[in-house]
Amino acid sequence: MTEVSVAKEDVAATGELVVLKSVNKHFGALHVLQDIDLTIARGEVVVVIGPSGSGKSTLCRTINRLETIDSGTIAIDGRPLPEEGKELARLRADVGMVFQSFNLFAHKTVLENVTLGQIKVRKVEKKKAEEKARSLLDRVGVGAQADKYPAQLSGGQQQRVAIARALAMDPKVMLFDEPTSALDPEMINEVLEVMQQLARDGMTMIVVTHEMGFARSAANRVVFMADGRIVEQAAPDQFFSNPRSDRAKDFLSKILHH
Amino acid sequence: MFDFLEDYDLLGAFWTTVQLAVLSAVGSLIWGTLLAAMRVGPVPLMRGFGTAYVNIVRNIPLTVIILFTSLGLNQSLGITLGASDFETINFRLAVLGLILYTSAFVCEALRSGINTVPVGQAEAARAIGLSFGQVLSLVVLPQAFRSSVVPLANVLIALIKNTTVAAAIGVAEAALLMKEMIENEAQLLLISAVIAFGFVVLTLPTGLILGWVGKKVAVKR
């Protein structure tokens, strides 16, 4: 993917792609995000882990403003997140998002799912959009399913189409909100492999996941969240072998030793 | 036994009924869709207007609305809807009244369809950078229409029968002809049966066909 390698070269110029500063959010009385400060560099792969209800998904969703925040600032590529409207739509086009429940457009074919954004948002010609869609679908290994509807595909295939749909917009950063949590165990790897390839190609990625294997092998940094706060962040080797906080030790002891 | 029918233009009257129904159906589908868009939209003023419109209009008897178009709009305010002869004016007023009334029900049928579309569909559409209008017109409404075909068929059937109210302002449709025949002829049971049969011929296939279409276009999830 040429776009990504170009993006990688600008790292020296402006290193910071996503910057969150003292972000706070409440759901009613629940303080889901508490003074979150997080900076993600261009080309970096950050994995966010933590117990359920710790605010990981909410954090991920605030970055393209699917969730609004109560205070603090979020900037992408140096520009603060706009309010609702045309500006926000433009920004969202640059931020790819992959959901836990795939959310492929149910009334459109796989191919149409991947061309819709290109045609309607990027104003790409239909023919060119289809060419690009087919090559992306081939890349994630579902090229043969292009003319089917999402309901005819397995979960793993649907999620790979969803990744292709996001990539079709040439995003600067990709958000993954528990991309494998709704999948049958035997389909998890096919999705993780696509994500690993993407990480190797230099895509900036923020991944909320419970897949510790992926965190170890693909992440540059692990961010551990609990109770709405970032408790600890470190390189994966260091985090998994030698966590500093008690909260992280406790969490890891529960998930790693079975 | 059916000899007396030869003195009346039964087909012509039902043709007027069909015209009333088709024009009102198209109009109320458009206006009802706009109302539904307002009711799910982000602008509070439009949401308020949509909600108020539906709750007021669907609770007024259709007869009152149709009479209002004639007595209020035409006779008091002089609105003629671009027609000059009495017959055309009344026909257009009746269509307007039927649209104003039926669109409230179209809006609610569509809104129930919108509620069957999972939130994730709209979120995914927003996430690739589609604007609110595009999210609605490209992703949410196409799916909503597919799951509202059957409730919309109910609205259409009700509309076809409701066209009889246009008789109140003298539109020469089936019900007005029935009134005329009842005044002139003795076969009262037969007259009612013929008119009822005419309506069943219009509504029964509508329901059956749209029921089949509804199954055919249903979105598989």
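Note: Cβ is positioned from N, Cα and C throughout, glycine not excepted.
Fair warning: this is a prediction, and the values are worked out from it, not measured in the lab.
Long-range Cβ contacts of the transmembrane segment (B:12-37) within its own chain (Cβ-Cβ under 8 Å, at least 6 residues beyond either end) map to 50, 53-54, 91, 94-95, 98-107, 109-111, 114, 136, 141, 144, 152, 155-156, 159-160, 163-164, 166, 171-174, 176-177, 198, 202. Under the heading transmembrane segment, TrEMBL lists B:12-37 (among others).
Annotation source TrEMBL lists domain 'ABC transmembrane type-1' at B:14-210.
Annotation comment: TrEMBL describes B:49-69 (among others) as transmembrane segment.
Taken from TrEMBL, the feature transmembrane segment covers B:89-107 (among others). With a threshold of 8 Å between CB atoms, the same-chain residues lying at least 6 positions outside the transmembrane segment (B:89-107) that come near it are 16, 19-20, 23-25, 27-29, 31-33, 35-36, 39, 50, 53-54, 57-58, 60, 62, 65-66, 68-70, 73-74, 80-83, 152, 155, 158-159, 162-163, 165-166, 169-171.
Per TrEMBL, transmembrane segment is recorded for B:127-145 (among others).
Under the heading transmembrane segment, TrEMBL lists B:151-176 (among others). With a threshold of 8 Å between CB atoms, the same-chain residues lying at least 6 positions outside the transmembrane segment (B:151-176) that come near it are 10, 12-14, 16-17, 20-21, 24-25, 28-29, 62-63, 66-67, 69-70, 86-87, 90-91, 93-94, 97-98, 101-102, 105-106, 109-110, 112-113, 145, 195, 198-199, 202-203, 206-207, 210-211, 214.
What TrEMBL lists as transmembrane segment is B:188-213 (among others). Sequence-remote contacts of a segment are chain residues at least 6 beyond its ends whose Cβ falls under 8 Å from one of its Cβ atoms, and for the transmembrane segment (B:188-213) they are 1-2, 5, 10, 14, 17-18, 21, 149-150, 152-153, 156-157, 160-161, 174-175, 177-178, 181-182.
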